[in-house]
Amino acid sequence: MVSADLARFIVGVIGNVISFGLFLSPLPTFYQIIKKKSVEEFKPDPYIATVLNCMFWVFYGMPFVHPDSMLVITINSVGLVLEMIYLTIFFIFADYRGRTKVCISILIELIFVSIVIHITTLALHGTKNRSLLVGIVCDIFNVLMYVSPLTIMKKVIQTRSVKYMPFTLSLANFFNGCIWTSYALIKFDIYILICNSIGVVSGVLQLFIYAYYSITGSKEEEIIEKEPTKEPTKEPTKLQLSVVEAPCKV
C-alpha cells in the first residue's frame, strides 16, 4: 500500500509538471508580441501577480518556515524566472505607460516581500508561527494570481472576442488548481488548500467564458469580416433619383 508521504510526493511531482506547463502557457502570447513588436491590448497584470505569488511560495517552502516543502520551492523558483522573462519581453515592446506600470509594480513587490521576510525571521519564532503568517500572505496573493485574469475576462465580455484570452493559460490554471488541491488534502496543508480550491473555481469560470465567446463571438466576427465594404457612391442619375430611398442603418 502506498504511504501518504509517497502519494504526496508523486502528486507533488505531477503538480510540478502541470505548474511548469502553466508557466509555459503564455509562450504563444509572447511569441505574438515579439513577432508584432507590440503588446497590443495584452495586459501584464497576470504576470505581475504571479511574480509576487512565486516569491512568497519560495519563502513559504523554506525549511525554517514550512519544512518538507521542497517541491513547492522547486516549481515556484522556476516560475519566478520564467515570469520575469515574460515581463522583460513585455517591457521591451510596451509603451511608456506599460513600462512604468511594470517597473513600479515590481519595485513595490520587492519592498513588500523584504518587509515580510524581515518580520518573519526576526519577530516570529518556530515554524508554526512563521507558516501561519507566510501562509496567509501566500493565500492572499495566490488568489490574486488566480483572479487576475478577471481584467482579461472583462475585455472578452466587452469585445465578445477571446483574442486576448489565451486558452492554454486558462486550462493550465484549472488543472494546476486541481492537482495542488489534491496535494494539500493528502497531507493536510490548509494554506495550499484554500488558494488552490479557489483556483479550481477560477479556472472553471475562465473556461466557461472562453467556450461561450469562442462560439458566439466568432460568429459575430465572421459576420463583420464578411460584411462588404461600402464603395464610394456615385452621383445618382435623374432616373435613380426617382427610385432611390433613404439608406437604412444595418
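Each residue, glycine too, has its Cβ placed from N, Cα and C.
TrEMBL has this to say about the protein:
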type     : residues : note
TRANSMEM : 6-25     : transmembrane segment
TRANSMEM : 46-65    : transmembrane segment
TRANSMEM : 71-94    : transmembrane segment
TRANSMEM : 106-126  : transmembrane segment
TRANSMEM : 132-152  : transmembrane segment
TRANSMEM : 164-184  : transmembrane segment
TRANSMEM : 190-213  : transmembrane segment
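By the Cβ criterion (under 8 Å, sequence separation of 6 or more), the transmembrane segment (164-184) is not in contact with the transmembrane segment (106-126), since fewer than 3 such pairs are found.
Taking every recorded stretch in 46-65, 71-94, 190-213 and counting its Cβ pairs under 8 Å to the transmembrane segment (106-126), the highest total belongs to 46-65. If one looks beyond the transmembrane segment (190-213) by at least 6 residues along the same chain, the residues whose Cβ comes under 8 Å of a Cβ in the stretch are 60, 72, 131, 135-136, 138-139, 142-143, 146-147, 149, 153, 156-157, 160-162, 165, 167, 170-171, 173-178, 180-181, 183-184. Here the transmembrane segment (6-25) has Cβ contacts under 8 Å with residues 50, 71-72, 74-75, 78-79, 82-83, 166, 168-169, 171-173, 175-176, 179-180, 182-183, 186-187 of the same chain, all six or more residues outside its ends.
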